[in-house]
Amino acid sequence: MIVVQNVETRSPSRIRRQKKILWGVLFGLMVLIYGSHAPLITLTKVDGQVPFNPSSCVLMIEFSKLLVSLATLVLTDGTSALPAPPHLIRMAPYAVPALLYALNNNLVVLMQAYMDPSSYQVLSNLKIASTALLYSFCLGKRLRPSQWLALGLLMCAGVCHSYSSLDLGDPRMFEAEEGPRLHITAWGLFLVLVYCCVSGLAAVYTERVLKSQKLPLSLQNLFLYVFGVAINGLSSFSFITGEKSFLEGYSGVVWVIIVGQAANGLLMSVVLKHGNGITRLFVISCSMLVNALLSWAMLGLQLTPFFILPVSMIGIAAFLYYR
């Protein structure tokens, strides 16, 4: 007697459709978290100042990602892939992204002395170009001319969005009053270029490491965030002064920021492991639009008709790149 099991087979088209839905949900979550970051920080401010220690917040985010990675590793029985003790040669590459991201965090603070925040906001969009160039050069990914055009539009959309948010004011008022002006020094421009290159290199290197080693993603995240906690911990405790304790000023909104940014970091690992770093650029660009909409809804900031231009450019860029 021959028994034929009724095995449900899914067609390739259905599998592709399900993958697209999952990637769409993942993309939407990341855009929402990225876009809500700045408005949430604004909500925490007391008398125009952030009441908590930013370096301690970064450390808590890294520690949260480490705990989630460890829990995922145990629950999925990924510990079987963990050598005892872990080989240093496997762990060492994960120290590089932690160092690069720590360097970038310090560069952001350092650059403020050589330019105004608005100039930084505009010029930081150059990291789209640096990431794309490094992605093509270091990973050997050849992009079509239409994809290069799409990334160019994406960078222009970021510049347009940043420029539209500048409060240029009346030049005569700046002459009459002493106030913040748009300015940037040659040293500041150099630091911006270094920042953009380091940002792109960190993303490209992380993607290369995650894809080159045949290890569970939870284990790779564990290696990555062990170094992240160690490096940010040293940075955090070295800059803590007597004015603010480690958890001083933490509110419910601050904990929401920590949870959101930790989730976003873990989701980004999924993108870099199973997708590519270019998707990260689209996430960042689309998050600018969510940022503007949330700032309008939560903080009462006014949107100008100029806002339609970057929205259109991002839509065209996505069509050109993924068609």
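Placed from the backbone N, Cα and C atoms, the Cβ positions cover glycine too.
The structure displayed is predicted, hence computed values, not measured ones.
What TrEMBL says about this one:
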- 21-43: transmembrane segment (TRANSMEM)
- 94-114: transmembrane segment (TRANSMEM)
- 147-164: transmembrane segment (TRANSMEM)
- 184-205: transmembrane segment (TRANSMEM)
- 217-240: transmembrane segment (TRANSMEM)
- 252-272: transmembrane segment (TRANSMEM)
- 281-299: transmembrane segment (TRANSMEM)
- 305-322: transmembrane segment (TRANSMEM)
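Within the same chain, the transmembrane segment (21-43) packs against the transmembrane segment (252-272): three or more Cβ pairs sit under 8 Å, each pair at least 6 residues apart.
Distant neighbours of the transmembrane segment (94-114): 58, 120, 184-185, 187-188, 191-192, 194-195, 198-199, 201-202, 205-206, 209, 220, 223-224, 226-228, 230-232, 235; these residues of the same chain sit at least 6 beyond its ends, with a Cβ under 8 Å from one of its Cβ atoms.
Distant neighbours of the transmembrane segment (184-205): 96-97, 100-101, 103-104, 107-108, 110-111, 113-116, 119-120, 123-124, 126-127, 129-135, 138-139, 272, 277, 280; these residues of the same chain sit at least 6 beyond its ends, with a Cβ under 8 Å from one of its Cβ atoms.
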